[in-house]
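Remarks on the structure that follows.
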Amino acid sequence: MSLPANTPFSLEEITAEGLKPEEYAEIVQRLGRHPNLAELGMFGVMWSEHCCYKNSRPLLKQFPTQGQRVLVGPGENAGVVDLGEGLRLAFKIESHNHPSAVEPFQGAATGVGGILRDIFTMGARPIALLNSLRFGSLDDPRTRRLFSGVVSGISHYGNCVGVPTVGGEVYFDPAYTGNPLVNVMALGLMETPEIVKSGASGIGNPVLYVGSTTGRDGMGGASFASAELSEASLDDRPAVQVGDPFLEKSLIEACLEAFKTGAVVAAQDMGAAGITCSTSEMAAKGGVGIDLDLDLIPVREKGMVPYEYLLSESQERMLFVAYKGREQELIDIFHRWGLHAVVAGRVIEEPIVRIRFQGGIAAEIPAAALAENTPLYHRQSLTEPPDFLKTAWAWTPAALPPCSTTGLQLESGEKTWNQVLLDLLASPTIASKRWVYRQYDHQVQNNTVLLPGAADAAVVRLRPQLADQACQGVNSGVAATLDCNARYVYLHPYAGAKAAVAEAARNLSCVGAEPLAVTDNLNFASPENPVGYWQLAEACRGLAEACRELNTPVTGGNVSLYNETLDPEGKPQPIYPTPVVGMVGLIPDLNRICGQGWQSTGDLIYLLGVPLSDAGHATVTLGGSEYLATIHQTIAGQPPQVDLALEKQVQAVCRHGIRQGWIHSAHDCAEGGIAIALAEACISGQRGAEIELDCSDISRLDQLLFAEGGARILVSVPLDQQTLWESYLEEQLQGHWQRLGQVTEINSCLWVRSSDNLSLIQVTIEEISTAWGKAIENKLSA
C-alpha cells in the first residue's frame, strides 16, 4: 500500500516504528493530519503487538474469565482472586523474551521488576516469584552464556528486592536457539482495603510521576518485542531496560503506604511504552484525558526530546492520579523513601492525551486511539493441519529398534533399561535444576513451605501484615505452578495446550491445593505466517476448553509473538509454540500438604489414573516424549490426548487423600513417564522402591516404562491405611488405579521387575542421584 500524500516520513521511518503503511494511513485519518515524530512513536509502541494484541485479541475472547473466586479479571495490571478469611491474592505472568536474547542479565532482571510492579500497583505485597525458562541446547556456547546470564539476572533482582523465587520450570531444546523464553510470574497478597485500579477519574485531579528518573534506556522496547530477532538485534541493547532492585524495594513500600492513605484515585506502572502507555491507558479506562508536562519529569540525561521522554522504558516508575488537595501527602511519602514524586499533569475532561514540552504542545492524541480502538486483525486459520504435522503423526513405535526385557537392541549393541533411565535423568530438561534455584533466595520473607525441587508445585504460607507491621496468623497457604510441554503443543497445538492446563492443575493437586485460576503467557512465532497463526488459534481453543472444564478461569496474562530468529538468509526459524500456564491454588491447612519424595519405608506405591496396561493408547503414548527425543533424536507421533473428566476425578482423589492424611507423597507422571516419576520420588526421599509391572499385554517395554500422558499421579500410602484407601479408590476411580509396589530402605535401590520376576531396571539411589543431580553442571563446565 502506498503512503498518503505529503507524508513527512519515509516508508523506512514508518516501518522502523513497527507500523505498516496501512496503519499509518489509519493514523492520518483518525488525527485528520499527519502525526509529528513524537506522535508517530506513540502510535508505534501502542499499536505494537506487545501492547495492543492486534493479532491475538479475537482469540483471547474465548477464554473463561469469570468465577466464584475471581475479583479482578483481564484488563487490569494483575488478576485477583478471593482466598477466603479476608485474604485476596494478586497474580500475573509476563514475558521478557527479546530483551533477554540481546542482554540476558538486564533483560531477565527487568522482567522480574516489571511483573512485581504489576502486582504491587494493585495494592498487593509481592510474596513469591516463579519463572518458566526455555533455551537451546547446552552444547551450544551461546546458549550457555544466555542461560547463565538469565539466571543471574533473575536471582540478582529477586534477591535484592526481597521476594523469594520459589519455583518454575526450565526446558532445553534446539527450537529455542537464539530466541530464549523468559516468563516470570509473581504473586502478591492484598494489603489495601480496596483493590487499586488504573482508570483515571476526577476532572482536575493531579497526575503524579513517582519513582526513578527518566533516561534513554529501553527506547522502543515494546516495538522491539514485537519483531523477529536477527543478527542486527544484537545491536539493539538500547532497547533493553536497566533495573535497580533496591530502588524498587523502596518503591514497593512507598506505594503500599501511599495506597493505605486513601489519597490515590488510580495507579499505573510505567512498563512497556513508558509514559505513553501509562497516560493513554489510564485516560482511556477512565473515559477522561490527561494533560502532562514533560518539563516537570525528573530526568537522568540532558537534552532529551519528547520522542525520547515518551518512549523511554526506564524502570521503577509509576503514574498516580491523586485526589485534589491530597497530592502533597503522597509526595511526602515518596520523598521519605528517597524517591522522586512530582505533580506532572492533571486529569482533563476532553478524552485526549496532551503532552506539553518547553511551552508548546508536543503531542495531542485521543486516548482511545492509543489504548482501546487499536488495529485488530481477524486472520483466517488453516482449515486442516499443515503437512509437516501429518507426516509427524504418521510415525508409530514400529519405527523404533526392537527391545526386550533387558533393553533396546541397537545397531551399536544393546542399551539396557538401566542405561536408558540414567540417560533420561541426565537430560537437562529432566535433570535437577539445583544449579538454577540455588542462586535464588527462595526463603526470604520466611514463608516458603516447600523448597524448590521438593514438590510438584511451590507452596507459600499466607501471613498478611497488620497495621502495626505484625503478621496475622493464618494456617492456610497458596500453591503456584508454571507448566507447558511445548513439544506436545508443536505436535498438536490443541491437545498440547489442554495438556498444559491439565498438568498445572495436577501439579497443584499433588501438593493438596485446590486449583483456582490461571494466568497464561502465549509465546508464539509470527501470526502473519499461516502456520504460526493456526498454532496460536488452536492452542487458544485448547486452553479455553481445558480452563472451562477444570473451572480455572483466566484472570489475565501476556502474549509474546514474533518469537523467531532470522537465519543468515533471512528465513525465520520459529520457536515451538509455547503457551505457558501459570495456575494458583488454595491450601486450606498447611499441615496437610505433600512433597514428591517417599517418606516412610514400607509405604505402598500406587498409580492413580490411566493404568499402565493402557500404555501405547491415545492417552499414554511415546509420541512427543522425552524418551523419543533424547534416546532416539526423534520429534514425532501424536502427543497424549487429554481426558479432562478423568483428570478431575484423579486430582480430586489425590487432594482428598492428602487432606485425610492417607497420602504420604504425590508426584505427577510427566516427562519420562512412570520410570522417571519413580526415580524422582526415590531421589527426593532418598529411599528405594520395589515395583512389579504386568508386562503380559505390552508390545513394547519402552512404552510401559517411558510413555507419557496425563491423569496419572504416583502416590505412597502407609500400609495400615491400605484397606480404607483401596476401598476409597475403587469407589471413586473404579479401575483407574493400581498398586505398583512398596517403598524400601534409605539409600537402597529402585528395582522394577516384571510380574514373572524378570528384572527390568535395578539402579542404586546413588547412581540415579548422580546422573540427575550433576547433569547441568557437567554441561556448563564442558
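Using the three backbone atoms N, Cα and C, a Cβ is placed for every residue, glycine included.
Worth saying up front: this structure is predicted, and the values here are computed from it rather than measured.
What Swiss-Prot says about this one:
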type	residues	note
ACT_SITE	H50	active site
ACT_SITE	H96	active site, proton acceptor
BINDING	Y53, K92, D520, G557	ATP binding site
BINDING	E94, N558	Mg(2+) 1 binding site
BINDING	S95, H96, N97, H98, R117, Q241, E313, S314, Q315, S560	substrate binding site
BINDING	D118, D269	Mg(2+) 2 binding site
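Following the DSSP three-state reduction, the secondary structure of E313 (substrate binding site) is coil. A sphere of 10 angstroms centred on the C-beta of K92 (ATP binding site) encloses 27 other C-beta atoms. Listed in sequence order, the recorded positions from K92, H96, N97, N558 having a Cα within 10 Å of the Cα of D118 (Mg(2+) 2 binding site) are K92. Here the C-alpha separation of D269 (Mg(2+) 2 binding site) and Y53 (ATP binding site) works out to 19 Å.
Sequence-distant contacts of E94 (Mg(2+) 1 binding site), defined by Cβ-Cβ distance under 8 angstroms and a gap of at least six in the same chain, are G111, G114, I115, D118, N183, V184, N521, N558.
Neighbour counts were taken at the CB atom with a 10 A radius for the binding-site residues S95, N558; the maximum falls on S95. Neighbouring residues of the recorded ATP site, listed in sequence order and excluding Y53, K92, D520, G557, comprise L60, P74, I93, E94, T519, N521, L522, V554, G556, N558, V559 (Cβ within 8 Å of the Cβ centroid). Neighbours of D269 (Mg(2+) 2 binding site), defined as other CB atoms within 10 A of its CB across all chains, total 28.
Spanning the residues S95, H96, N97, H98, R117, Q241, E313, S314, Q315, S560 that the record associates with binding substrate, the maximal Cα-Cα distance equals 20 Å. Ranked by CA distance from G557 (ATP binding site), the recorded positions H50, N97, E313 have H50 at the top as the closest. Cα to Cα, the residue listed as 'active site, proton acceptor' and Y53 (ATP binding site) are separated by 16 Å.
DSSP assigns H50 (active site) to a helical segment in the three-state reduction. Comparing Y53 (ATP binding site) with S95 (substrate binding site), their Cα atoms are 14 Å apart once rounded.
Under the three-state DSSP scheme, R117 (substrate binding site) falls in the helix class. Look at G557 (ATP binding site): DSSP puts it in a strand. Secondary structure from DSSP puts the residue listed as 'active site, proton acceptor' in coil. N97 (substrate binding site) is surrounded by 27 other CB atoms, counting those within 10 A of its CB over all protein chains shown. Taking each of the recorded positions H50, H96, R117 in turn and counting other Cβ atoms within 10 Å of its Cβ gives the largest count for H96.
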